[in-house]
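Colleague: Here it is: the structure, laid out below.
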Ligand code: 5GP
């Protein structure tokens, strides 16, 4: 068995479409999609098109510092979404993976005070996640290589552009 789960761009295309199919079939019609940056941005964008939802919001949460290395707790980074934008809405929270589930729990609890309903959609869910998402494309207990974060950043380093 491969050590890592690989989500290529091509596979993400069908994964996000299938995830959207689950949501549509369930009859849930979110007023807005709240993505968890950065990985959740890709998922939210794809779901936004597939479900015809144009109202997309972002929350920045920092937790992981490397492969299976994390801070003690996930932290929300500013800007935090305006509660007024969320009030009374049916919200779909979108992220790439629920691993420990701590990130999704933080965001879901943040929403719970304001919104009329909140559900979570992820591409992957790991078995130990403390949040059980309503919509999951695939389950795994392996580390996942996502197409958007697998390669090192293309940044200027001592005057050179790396790995363009
Ligand atoms: P959690 O709070 O559920 O432990 O982790 C949520 C975030 O951690 C994800 O949105 C993702 O950014 C990062 N993360 C957790 N597990 C993995 C993984 O298997 N692969 C990658 N690339 N990132 C992960």
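Heads up, the Cβ atoms here are built off N, Cα and C, so glycines get one too.
In case it's useful when we look at the structure, here is the feature table from TrEMBL:
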DOMAIN    9-148  domain 'Phosphoribosyltransferase'
Colleague: Which residue counts does DSSP give the domain 'Phosphoribosyltransferase' (9-148) for helix, strand and coil?
Modeller: 46 helix, 53 strand, 41 coil
Colleague: Tell me, roughly as an integer, the mean pLDDT over the domain 'Phosphoribosyltransferase' (9-148).
Modeller: 95
